[in-house]
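**Student:** Let me begin by handing over the structure; questions about it come next.
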């Protein structure tokens with residue numbers, strides 16, 4: 001078998017990626033989330049495939065087909081809730097993965113980091129289109145509000161919105177194309193994940209110290225396969241507890257009402273994993289400004305390699321930057337909370353302050369903290 005995995009063309013690829021891959025000896029549990037994201041992607045593709053076998057992308061029957069899956073299909077309720085809550089699990093792992101990348105300076109691997117940001121955009125687009133498919137109240141109004149934001153673009157905005165809708169409002173054409181795109185996107189994401197891993201394996205993994213670890217690297221198997229397997233068991237235990245005991249905890253009750261274009265819900269909001277960006281969008285009184293702030297809330301991550309001023313890569317030995325990092329995490333949590341609240345005082349002001357703080361920490365305070373820490377090293 002040893003000869004086979006080192007000589008066979010296909011086995012060689014697997015061997016270099018998952019068995020004999022030289023890995024730093026000191027990477028912590030925060031590095032588990034890459035493999036957990038792979039697990040989430042596989043889970044979403046398989047559950048989505050089985051759901052697509054029974055779903056109909058028609059405005060008259062979409063809601064009924066989801067009900068049919070839950071009531072009449074063998075274990076359909078389980079497949080549906082695995083898929084719906086699997087999206088939440090995916091984003092939880094994704095945000096922790098990005099947070100770890102920021103904390104330990106992994107963004108300095110620029111190709112890997114930028115492909116990761118592209119993956120985040122595609123995953124967000126896929127999740128948004130998936131949320132529209134059950135054709136409940138929040139699905140319909142969420143699709144209407146979010147796609148309508150593109151009309152803020154000068155000159156081409158309204159034409160672009162109508163092109164996406166396939167008509168003059170969100171209707172059958174919109175639902176059909178969203179279903180087609182939602183089905184194909186995970187396979188595009190999978191291809192990009194391969195490229196993400198390719199670039200990562202060119203440089204090797206980062207480690208908590210942010211120092212080169214070439215002299216002490218260990219093979220990925222059995223050390224990190226065992227460690228990743230432990231992470232998988234823990235995560236699946238928590239995930240199955242959520243799916244089997246609290247399947248609707250993260251959903252919106254309005255989505256159990258069929259879509260009605262004549263009745264607007266009192267408070268239109270996306271799923272919890274988009275609320276931080278939604279809060280930033282709402283905090284700008286101008287429509288175009290809000291859309292630009294929404295896009296920049298993710299695009300700002302591409303600037304991190306250029307804003308890195310410290311002589312140290314990781315935040316492990318940088319108390320000032322650590323404080324700012326945890327302030328940023330607290331701010332994102334506050335924005336998530338604000339995004340779920342109605343547009344009224346005091347939530348409007350809190351959202352605006354939190355939005356300004358979000359961009360200030362990333363663009364101003366963290367680069368300044370890096371320069372101050374460089375000065376402190378010379379004392």
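Here the Cβ of each residue, glycine as well, is placed from N, Cα and C on the backbone.
I grabbed these lines from Swiss-Prot:
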type: TRANSMEM; residues: 33-53; note: transmembrane segment
type: TRANSMEM; residues: 77-98; note: transmembrane segment
type: BINDING; residues: 83, 182; note: heme b b562 binding site
type: BINDING; residues: 97, 196; note: heme b b566 binding site
type: TRANSMEM; residues: 113-133; note: transmembrane segment
type: TRANSMEM; residues: 178-198; note: transmembrane segment
type: BINDING; residues: 201; note: ubiquinone binding site
type: TRANSMEM; residues: 226-246; note: transmembrane segment
type: TRANSMEM; residues: 288-308; note: transmembrane segment
type: TRANSMEM; residues: 320-340; note: transmembrane segment
type: TRANSMEM; residues: 347-367; note: transmembrane segment
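Walk me through where these features lie, including what they touch and how far apart they are.
**Tutor:** Only residues 6 or more beyond the boundaries of the transmembrane segment (33-53), in the same chain, are considered here, and those with a CB under 8 A from a CB of the stretch are 69, 79-80, 82-83, 86-87, 89-90, 93-94, 96-97, 100, 179, 182-183, 186-187, 189-190, 193, 228, 231-232, 235.
Within its own chain, the transmembrane segment (77-98) is flanked in space by residues 30, 33-34, 36-37, 40-41, 43-44, 47-48, 50-51, 66, 69-71, 116, 120, 123, 127, 130, 235, 239, 242-243, 247, 250-251, 271-273, 301, which lie at least six positions past its ends and keep a Cβ under 8 Å from the stretch.
Sequence-distant neighbours of residue 83 (heme b b562 binding site) (same chain, 6+ apart, CB under 8 A from its CB) are 44, 47, 48, 51.
Residues within less than 8 Å, Cβ to Cβ, of residue 97 (heme b b566 binding site) and separated from it by at least 6 positions along the same chain comprise 33, 34, 37, 116.
Within the chain carrying the transmembrane segment (113-133), a Cβ under 8 angstroms from the stretch's Cβ atoms is held by residues 55, 57, 62, 66, 87, 90-91, 94, 97-98, 101, 106-107, 139-140, 142-143, 146, 174-175, 178-179, 181-182, 185-186, 188-189, 192-193, 195-196, 199, 270-271, 273-274, 298-299, 301-302, 304-305, all 6 or more beyond its ends.
Below 8 angstroms of C-beta separation, residues 17, 38, 41, 44-45, 48, 52, 55, 57, 112, 115-116, 118-119, 122-123, 125-126, 129-130, 132-133, 143 of the same chain, each at least six residues beyond the ends of the transmembrane segment (178-198), sit close to that stretch.
Cβ environment of residue 201 (ubiquinone binding site): 16, 17, 21 lie under 8 Å away, each six or more residues apart in the same chain.
Away from its own ends, the transmembrane segment (320-340) comes close to residues 99, 102-103, 269-270, 272, 274-280, 282, 310, 347, 350-351, 354-355, 357-358, 361-362, 365-366, 369-370, 372-373 of its chain (Cβ-Cβ under 8 Å, at least six residues beyond either end).
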**Student:** Restricting to the same chain and to residues at least six past its boundaries, which positions have a Cβ under 8 Å from a Cβ of the transmembrane segment (226-246)?
**Tutor:** 29, 32-33, 35-36, 39, 78, 81-82, 85-86, 89, 93
**Student:** What does DSSP assign residue 97 (heme b b566 binding site), in three states?
**Tutor:** helix
**Student:** Have a look around residue 182 (heme b b562 binding site) and count the other CB atoms within 10 A of its CB, chains all included.
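**Tutor:** For residue 182 (heme b b562 binding site), the 10 Å Cβ neighbour count is 21.
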**Student:** Reported as an integer number of Å, what is the Cα distance between residue 182 (heme b b562 binding site) and residue 196 (heme b b566 binding site)?
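**Tutor:** That separation, Cα to Cα, works out to 21 Å.
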